Amino acid sequence: MDAMPINEGLPSNVTAQMRNATGQPKASSTVVCYSPMMITTNGIWQGFNPLEFSLPLFILQTAIIVVTTRVLVLVLRPFRQPRVIAEILAGVLLGPSLMGQIETWATMVFPQRSLLTLETVAHLGLLYFLFLVGLEMDIDVIRRSGKKALFVAIAGMALPFCMGIATSFIFRHQVSRNVHQTSFLLFLGVALSVTAFPVLARILAEIKLLGTDLGRIAMSAAIVNDMCAWILLALAIAISEVDSAALSSLWVLLSGSLFVLFCFYVVRPGMWWLVRRTPEGEGVSDMEVSLILTGVMLAGVCTDAIGIHSVFGAFVYGLVIPTGPLGVTLIEKIEDFVTGLLLPLFFAISGLRTNIQKISDPVTVGLLVLVFVMASFAKIMGTIIIAALYTMPFREGIALGFLMNTRGLVEMIVLNIGRDKEVLDDESFAVMVLVSVAMTTLVTPVVLGVYRPSRRLVGYKRRNLQRIRHDSELRMLACVHTTRNVPSVLSLLELSNPNKRSPIFIYALHLVELTGRASNMLAAAAASASKPSRSGTGSSLPPITEHIFNAFENYERHTGGVSIQTLAAVSPYQTMHEDVSVLAEDKHVSLIVVPFHKQQTVDGGMEAINPHVRGFNESLLTSSPCSVAILVDRGLSAAAARMATEHHVALFFFGGPDDREALAYAWRMVEHPGVTLTIVRFLPPDYRARSVSGSSYRPSAVADADSRAITISTEGKSELEMDEDYLNEFRTRNHGNEAISYSAKMVANSEETVAAIRSMDNNLHELYIVGRRPGEAGSPMTAALEDWMENPELGPIGDMLVSSDFSMTVSVLVVQQYVVAGAPAPVAPAPAASSDPVRQYLSNANQRPAAAASGAYRTSAASAANSRWSGSGAVGF
């Protein structure tokens, strides 16, 4: 590489552009020249250093940037910081502020001559990322965002914009000495007023606020804010042409407006024509995808030629492409490559341009920080004022104000463009980058510290099925991961006998893994909207979510006694159970139904579909605020099973809270005219039925807070006595129902239990219902089965039933009861009370007393004559 004087055969404007591209100070009198033959090397064995050639050097730089970014993401994850912070800090770390101080590193790994190649590829990645942002941003979401979100967005932009310009104007002689003052004020105003929508969406998802009212308002306002920011940025760029006349700026604005109109009224109809001509169920062809992606670069060239930055053209081009199958195809094609590999290069360039050593004038730094703080304060105050007008709590207003102060991609783009246009000098650029990073890192801890969502949980006592009447309203949360989970849930819902007398309210929750993309968070925002507001705009949902929602809503339209609300939750699988638990508590749900982590294959075996689903189920069982049921689908979702007029269900009853909860659910099913229920009770050989007269299970005479709830007096009773009471109550209420049959199996050990279940006609039943923790812990009837469990979340009986040794055509529902906090414990040496009632229950389940086995089974023989509830024959009652 050789240096030559700038006046040797180069036009002055080209020289200036090359000087800007290489980042040389204006006072520099050299320009970097490149040899066209220095792209690839002949190899180290021929004496060549690969780092002296552009391609090997670029590959090494990219690898270092991506690895450094990923390491910082892992380091900052416990602090719940968004990925953009790690990406910017990676650039600062690798740049002249830190690693650049090592001369070998600066000259060999990130030499000045290599930055042009790095910036070119980084800007190409930025071009496609802004295309993705526009593609994922649904215009319909903006239209239906509501007045509250619109006013929050306007107040969150106008006040800081005016405050930033006003304070900058006052201190203009100190902070903008070397730059064009009008352009500086505009760029600073835009940088201070924007809200980074992708970063905000990520923060809301990670702190579990995406589905709350606060999260929805912040998301909608951020989308509107983003749109306004791009318009202001285009205006600022047009005015920043300091050497041109006012007429040129006017032409830039007019040309930019014509470009936008062309995209909306020519390109958008063309895209709709392409969508309509694509056959149902088929994807867009590769050639059409290639042409659309080429259009991104053409749009960037057009706006660059007009005088507006190329990213604006890519953003508008993405905005006019319809969301739906076409948008999803484009996102799947390029998103991982763009966001995972190319976008970190852009943020690294921002960091490489940030030289802390350039920050030398304390007065300038102090005034810039003051301007930033004043603008941020103005944004918070504006948001609080709007929140007060809409009677939102003061704490929510503060949290919303800090959320709207989220910085990130858009601000980095504004600052970089300002530096390219020589509107910001090195010092101002470095200060603004560092202050923006500091502001964004504050958002998560402040919001978590200030915002306390109000929970109206007074009177929420119906946390399990046993506490409510079998014919009262059932509130159920049904979780689905994929479209394959939907038919089995609908089949179970149909068996549960929804009708106008005993209605079922279903919250159908689509669980979406948080991938760091804005698209799945936009899906959650759209899914959180009510059904009327989604009508006609279903395309804003991803196809999978839309299909799931349509299936549930179609079922609701054709079935009486069912009310369904469709929702989506976006979260990492590690914390997804927290989202489900919060939603269940907020909606006063009595039962959560989740699918098993394995699905049936064509040959009848079971294969895991997603290893994370198993961890989610296990976490939910220990943290759920209500009862949980795991549904193992092995034919329940088949069309033949769903169309059948008669359904055979079997309940295996060993005793204990979980089995009583399973019986409570089966009780709802027997009301269905087409359901036949077989109850199989497993008893030890020395069991003798006792008389239950005088201790029968009956509704409380004292009115409860919920008139439909049944109070079970458990004081002074063992688990066996409570089992007897509930079974006899079931018998009394269903006396004469020929659809119910009962049989008792005397088993002494696990082998006899397995043999008894094997002896049943597996081809007759289509669903087994079992408790997760059957009978006494360590009971001989199940002890050996517990030692061989492959799926502990199903319990010993459930795990045995889904094994390949048993029928592959019978589905299994495993139920775990939530033990109400504060309920009197059975007479038994119980462990110390725990603050978590669910964990207390699980602990109790493992330490149930042996006293019941020795003495509780010895009961009066007075009721032995009752042939319906003794012996081994199956009878109706």
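A Cβ is built for glycine as well, from the same backbone N, Cα and C atoms used for every other residue.
Taken from TrEMBL, the feature transmembrane segment covers 55-76 (among others). Sequence-distant contacts of the transmembrane segment (55-76), counting only residues of its own chain at least 6 positions beyond either end whose CB sits under 8 Å from a CB of the stretch, comprise 39-41, 83, 85-87, 89-91, 93-94, 109-111, 114, 117-118, 121, 340-341, 344-345, 347-348.
The feature domain 'Cation/H+ exchanger transmembrane' is assigned by TrEMBL to 70-448.
Taken from TrEMBL, the feature transmembrane segment applies to 88-108 (among others).
Taken from TrEMBL, the feature transmembrane segment applies to 120-137 (among others).
Per TrEMBL, transmembrane segment is recorded for 149-171 (among others). If one looks beyond the transmembrane segment (149-171) by at least 6 residues along the same chain, the residues whose Cβ comes under 8 Å of a Cβ in the stretch are 184-186, 188-195, 216-218, 220-222, 224-225, 228-229, 232, 367, 370-372, 374-379, 381-383, 385-387, 389, 400-401, 404.
Here the transmembrane segment (183-205) has Cβ contacts under 8 Å with residues 80, 82-84, 133, 137, 153, 156-158, 160-165, 168-169, 172, 175-176, 215, 218-219, 221-223, 225-226, 229, 232-233, 235-236, 239-240, 242, 371-372, 375-376, 379, 403-411, 414-415, 417-418, 421, 423-424, 428, 432, 436, 440, 443-444, 447, 514, 516, 518, 521-522, 524-525, 570-571 of the same chain, all six or more residues outside its ends. Positions annotated as transmembrane segment by TrEMBL: 183-205 (among others).
Counting residues 6+ beyond its ends, the transmembrane segment (217-239) has Cβ neighbours under 8 Å at 133, 137, 141-142, 145-146, 148-150, 152-154, 156-157, 161, 182-183, 186-187, 189-190, 193-197, 200-201, 204, 209-210, 249, 252-253, 256, 307-309, 312, 315-316, 400, 403-404, 406, 410, 413-414, 417, 421, 521-522, 525 in the same chain. For 217-239 (among others), the entry in TrEMBL reads transmembrane segment.
If you look up TrEMBL, you'll see 245-268 (among others) marked as transmembrane segment.
Residues annotated as transmembrane segment in TrEMBL: 289-317 (among others).
Among the features that TrEMBL reports, transmembrane segment is placed at 337-356 (among others). Note on the transmembrane segment (337-356): residues 23, 62, 65-66, 69, 84, 87-97, 100, 110, 115, 118-119, 121-126, 128-129, 132, 412, 415-416, 419, 426, 429-430, 433-434, 516-517 of its chain, located 6 or more positions outside it, place their CB under 8 angstroms from a CB of the stretch.
Within its own chain, the transmembrane segment (368-392) has Cβ neighbours under 8 Å at 148, 151-152, 155-156, 158-164, 167-168, 171, 175, 188, 192-193, 398, 400-402, 404-405, 428, 431-432, 435-436, 439, counting only residues six or more beyond its boundaries. Feature annotation from TrEMBL assigns transmembrane segment to 368-392 (among others).
Residues or ranges marked as transmembrane segment by TrEMBL: 398-417 (among others).
According to TrEMBL, the feature transmembrane segment maps to 429-451 (among others).
Annotated domain 'Cation/H(+) antiporter central' per TrEMBL: 504-641, in sequence order.
Per TrEMBL, domain 'Cation/H(+) antiporter C-terminal' is recorded for 649-819.
Note on the domain 'Cation/H(+) antiporter central' (504-641): its mean pLDDT in the predicted model is 80. Through the fold, the transmembrane segment (429-451) approaches residues 79-82, 84-85, 88-89, 92, 188, 191, 196, 199, 203, 206-207, 209, 214, 350-351, 353-356, 358-359, 364-365, 368-369, 372, 376, 395-396, 398-399, 402-403, 405-408, 411-412, 415, 418-419 of its own chain, all at least 6 residues removed from its boundaries and within a Cβ separation under 8 Å.
Listed by sequence, the residues of this chain that lie at least six past the ends of the transmembrane segment (398-417) yet keep a Cβ under 8 A from its Cβ atoms are 82, 84, 88, 126, 129-130, 133, 152, 156, 187, 190-191, 194-200, 203-204, 214, 217-218, 221-222, 225-226, 229-230, 233, 236-237, 309, 311, 346-347, 349-350, 353, 376, 379-384, 387, 392, 424, 429, 432-433, 436-437, 439-440, 442-443, 446-447, 450-451.
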